[in-house]
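Written out below as structure tokens is the structure these notes cover.
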């Protein structure tokens, strides 16, 4: 059977499953809608958290990025998993004990102020929207690749699918759908990795195969390092980023992970504090399966790619190369006219390749913007995971499986984020601020309407991505780190923290981060072009700036809180109350 | 407001656990994986340079273990102070 047919079959089966679950788990009350009734088992919650957390970026892009970045890619591995340690130790148990629906609820009550709540809602919306825009784009890319439709059609199909199960099920439907999606995505990620590990190193476990020996007896990583050196790249196991920048990016990603509203809200869905702790551990264990396999996939894919294409005649290359060239994600220009592929360090094109309609002497697609550098090959990082099974010549069903897995990853994350957005609007904004006497039915209706609006807006971002969205997605973490994370941690661990301190910290943190990111990523402030790395403050990249903004947030919060009156007795009692694990009860609406 | 002695002791023990666990968290990731990476890369673990291994594999394994140790410690502490449920 062809890859195409297998894709239809596997995507069809998994989608039928997701819809079935969404219908089975229809939400009847706001509590079921927001926190699945607070009665999900730790294992199911761990799986749902893992699926929620592992987005199209984790599934499709991460291994590809590491594949090209080598050691520098470690920031994502450590950052996105280390954040769970912070979440499990510093946030999850206490927020569960507190027992409200949302992060702005906690901030609003702990800092006894509607202003604080509003600031938190705005931060939640900024973070979630930045993040979801990238997801919808991811959904569109996967659909368009595998069903061979236009990317716009891909995004529209994705919107419809997310809409149906978010609309029907709310948190309950999403939780159980995500359990199924976790199983699909982890299976889809592991199968090709195991196949390739056996093929290259004879070891069935990719994590060990990565450090294993290849056929001629040398270690795989040594071989890759020497291939890199020969071609003029920096050794794979060494990085190019400065130690400080690696440090800053890792810390920003960790704190950002712990501060992401759609991840935190997960811990409101388990029955008690004990389960909240356990659930965070299970979630990380389930995530770690993918996160420790991904760097192995990167090494396999990188080695395979170099060996398959470097110094080969274009006409003798396997079919996958030409297929990806047709989609525009691979480009080759025969700069020295020898018909062979010169793959060395440097940019092959200036920016993304622009194809002319003509074909070159070897039959390749000609590009208009080839650079002056020697390197002749452009490879989009996002194709590494998708193309990996083809490069390794695995059977058609494995290639199709990756498509189903990528869709599961993108859809589960998009659904979780959209729920947070709608909750922020219907619960935190409408119920808590604008119209406190709204009926439960009315609130549920408002939640569904806001999901609908959020999907349309997210879909538009996916179809017409403003130039900066792609650049900004990774920065959602910086924003979460700079705004929520300190406010929540201080709210639990510093009893003296008051509303003046927390609000000024959050506001300064998020504004500083937004300013730095816009200035250095988009060039909208002051100059027209994004500023070069030499202009960075303290040699910190925009991705790592969350660490600086977070530090500023903490310092300002502490200083301001000490200069202003202590929080009222009743609030100090709340803090005492959440520090004790027993008597959490069910999640309360107010 | 008077805080019961029991609650205060519980909280202090909790903070002590957190300090130790977070120290390990910092040491494996920021320490072994980033700050001392070049030094550790002189040693190897099978086909891995040690610093590289910590950055891409080891730290993640330690993170998982840390959370489960925390769960175990806290459950024990809850029981000792009578805060455990069912």
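Backbone N, Cα and C define each Cβ position, glycine as well.
According to TrEMBL:
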type     : residues  : note
TRANSMEM : A:6-25    : transmembrane segment
TRANSMEM : A:77-95   : transmembrane segment
TRANSMEM : A:116-134 : transmembrane segment
TRANSMEM : A:146-167 : transmembrane segment
TRANSMEM : A:179-200 : transmembrane segment
TRANSMEM : A:246-268 : transmembrane segment
TRANSMEM : A:280-301 : transmembrane segment
TRANSMEM : A:394-421 : transmembrane segment
TRANSMEM : A:442-464 : transmembrane segment
TRANSMEM : A:470-493 : transmembrane segment
TRANSMEM : A:505-525 : transmembrane segment
Taking pairs 6 or more apart in sequence, does the count of Cβ pairs under 8 Å between the transmembrane segment (A:6-25) and the transmembrane segment (A:442-464) hit 3 or more?
no
Stretch with greatest number of CB pairs under 8 Å, the transmembrane segment (A:116-134) reference, A:77-95, A:146-167, A:394-421, A:442-464 candidates
A:394-421
Cβ pairs under 8 Å only, please: of the recorded stretches A:179-200, A:246-268, A:280-301, which one is richest in them relative to the transmembrane segment (A:394-421)?
A:179-200
With the transmembrane segment (A:77-95) as the reference, find which of A:146-167, A:246-268, A:280-301 contributes the most Cβ pairs under 8 Å.
A:246-268
Can you find at least 3 Cβ pairs under 8 Å between the transmembrane segment (A:179-200) and the transmembrane segment (A:280-301), where each pair is 6 or more residues apart in sequence?
yes
Residue numbers, six or more beyond the limits of the transmembrane segment (A:146-167), whose CB comes under 8 Å of its CB atoms
4, 7-8, 11, 15, 18-19, 21-22, 136-137, 139-140, 173-174, 177, 400, 403, 410-411, 414-415, 418-419, 422, 448, 451-452, 455-456, 458-459, 462-463
